[in-house]
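As given in TrEMBL:
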DOMAIN    93-212  domain 'VTT'
TRANSMEM  21-42  transmembrane segment
TRANSMEM  78-103  transmembrane segment
TRANSMEM  109-130  transmembrane segment
TRANSMEM  192-213  transmembrane segment
TRANSMEM  225-246  transmembrane segment
Amino acid sequence: MEGREEIKGSKPSFPLTFWEVAVASTMVIGIVLGLVGVYLTMPASDYSFLKLPRNLEDLQILRDNLESYTSDYTVQVLVGYCAVYIFMQTFMIPGTVFMSLLAGALFGVFKGVALVVFTATAGASSCYFLSKLIGRPLVFSLWPDKLSFFQAQVAQRRERLLNYMLFLRLTPTLPNTFINVASPIVDVPYHIFFMATLIGLIPAAYITVRAGIALSELQSLGDLYDFNSIATLFLIGVVSVTPTLMSKTKQ
């Protein structure tokens with residue numbers, strides 16, 4: 001009996017909670033249905049220009065072709081944009097910065113920021129769930145040193161973890177891709193991950209979307225983040241982590 005109890009107790013449990021499965025399933029179903037709807041409702045035309053932009057020239061060509069569709073088929077363009085952005089973010093495909101610029105070029109600052117924050121948060125959440133299922137070997141092989149550092153920091157700041165995660169989202173201390181993949185590995189709760197992502201991405205999204213409005217004037221991606229922009233992001237990040245630093249000083 002004792003042997004049976006040990007075997008039963010060691011049986012691995014499914015890594016996702018019911019609500020995490022529900023959120024992930026809703027996003028997947030929504031993307032699939034959305035893309036089917038776009039395919040069925042868009043007019044017959046030459047869509048050879050539709051490809052993931054890899055440079056500013058590709059992005060300008062995509063913007064020029066999509067502008068006419070955006071006014072006549074706004075919902076379809078929005079759904080297609082969201083599906084592509086979430087897919088790229090989920091599977092860590094480089095180029096989401098071009099998608100953020102495109103949001104500004106097509107939809108303006110306010111709508112563009114809202115769209116980028118929504119899709120980036122949804123994509124980061126999908127990446128979080130995927131990593132929680134199968135990402136542990138990948139993270140350990142690609143970023144062993146970063147993972148050890150991140151794990152130690154999360155353990156030290158457990159009581160004020162939201163502040164620390166906000167700091168990471170607001171500053172380039174750790175890459176966003178790494179944060180998405182490594183957070184479930186180091187036991188960052190999803191609700192904290194979600195809130196930090198939703199709020200922390202707003203400043204950087206605003207900078208990028210605003211630049212997309214004047215896309216033709218942009219010479220390189222290096223022009224996006226000048227000294228003032230980076231300094232502002234760091235200042236906001238320091239403010240977000242200040243309560244954590246103060247609590248450690250008191251202790």
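Every residue number used here counts from 1 along the chain in the order it is shown.
Placement of Cβ uses the backbone N, Cα and C atoms for every residue, glycine included.
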Predicted model, mean pLDDT over the domain 'VTT' (93-212): 92
Treating G and I as helix alongside H, and B as strand alongside E, what does DSSP give for the domain 'VTT' (93-212) in helix, strand and coil? 101 helix, 0 strand, 19 coil
